[in-house]
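Peer 1: Attaching a single structure in structure tokens format; questions to follow.
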Amino acid sequence: MTCCEGWTSCNGFSLLVLLLLGVVLNAIPLIVSLVEEDQFSQNPISCFEWWFPGIIGAGLMAIPATTMSLTARKRACCNNRTGMFLSSLFSVITVIGALYCMLISIQALLKGPLMCNSPSNSNANCEFSLKNISDIHPESFNLQWFFNDSCAPPTGFNKPTSNDTMASGWRASSFHFDSEENKHRLIHFSVFLGLLLVGILEVLFGLSQIVIGFLGCLCGVSKRRSQIV
């Protein structure tokens, strides 16, 4: 087995695990909404799970590269130069899907759950448009909706000081499922942080398979031993 085949096998199994993890993470808020309200879209935790970053971005778009990487490994049906090339080509789709998953996850972590932005907590306030991704600014990525005691907009006119923010950050360790708001914040933060990590790892494995696939196509794969009768 050449190093290209071994690395392709590693990439294939890693992408398979990340693919399944992305689908499961994306499904968590959908299932919670179904269990709570007996409807999928009546009062969602956030708008962003309906962009399906884990099911489509990290899931469906990673299937071609995952399948070809697993079939291009040693003793598999596509263990040849063509299989290596196709695994590299399909990995481009994986990288695009992973980047989509990352961008949606970053936007979700920036905005917070729907309860923090809309008192009605209704999907009528969801705007499904990719142009919102261009509005991401690093200075606004402070996760105050998660670290503050409450993510509801303040009623007073006093701006929170840095000491108040730090104190709220220390109090965040006392999060429990004692209210619907805390539950939505914890689920939202955990799901989209997990999807962000899944997207980052899929980008790394996808880029590595692009390189390894081209090397395997150029250098060839190990020959199968002829069967002795």
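Yeah, the Cβs are placed from backbone N, Cα and C, and that goes for glycine too.
Remember, it's a predicted structure, so these values are computed and weren't measured experimentally.
Straight out of Swiss-Prot:
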- 1-14: topological domain 'Lumenal' (TOPO_DOM)
- 15-35: transmembrane segment (TRANSMEM)
- 36-44: topological domain 'Cytoplasmic' (TOPO_DOM)
- 45-65: transmembrane segment (TRANSMEM)
- 66-83: topological domain 'Lumenal' (TOPO_DOM)
- 84-104: transmembrane segment (TRANSMEM)
- 105-185: topological domain 'Cytoplasmic' (TOPO_DOM)
- 186-206: transmembrane segment (TRANSMEM)
- 207-229: topological domain 'Lumenal' (TOPO_DOM)
Peer 1: For the topological domain 'Lumenal' (66-83), what does DSSP give as the number of helix, strand and coil residues?
Peer 2: 9 helix, 0 strand, 9 coil
Peer 1: Go through the chain and flag residues at least 6 beyond the ends of the transmembrane segment (45-65) whose CB is under 8 A from any CB in it; none is fine as an answer.
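Peer 2: That would be 15, 18-19, 21-27, 29-30, 32-33, 87, 90-91, 93-94, 96-101, 104-105, 107-108, 111-115, 123, 125-128, 184, 187-188, 191-192, 195, 198-199, 202, 206, 209.
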Peer 1: Taking a Cβ cut-off under 8 Å, which residues six or more beyond the ends of the topological domain 'Lumenal' (66-83) line up next to it in the same chain?
Peer 2: 1, 5-6, 8-9, 11-13, 15-16, 19, 90-91, 94, 209, 213, 216-217, 220-222, 224
Peer 1: What mean pLDDT does the predicted model reach across the topological domain 'Cytoplasmic' (105-185)?
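Peer 2: Reported value for the topological domain 'Cytoplasmic' (105-185) is a mean pLDDT of 62.
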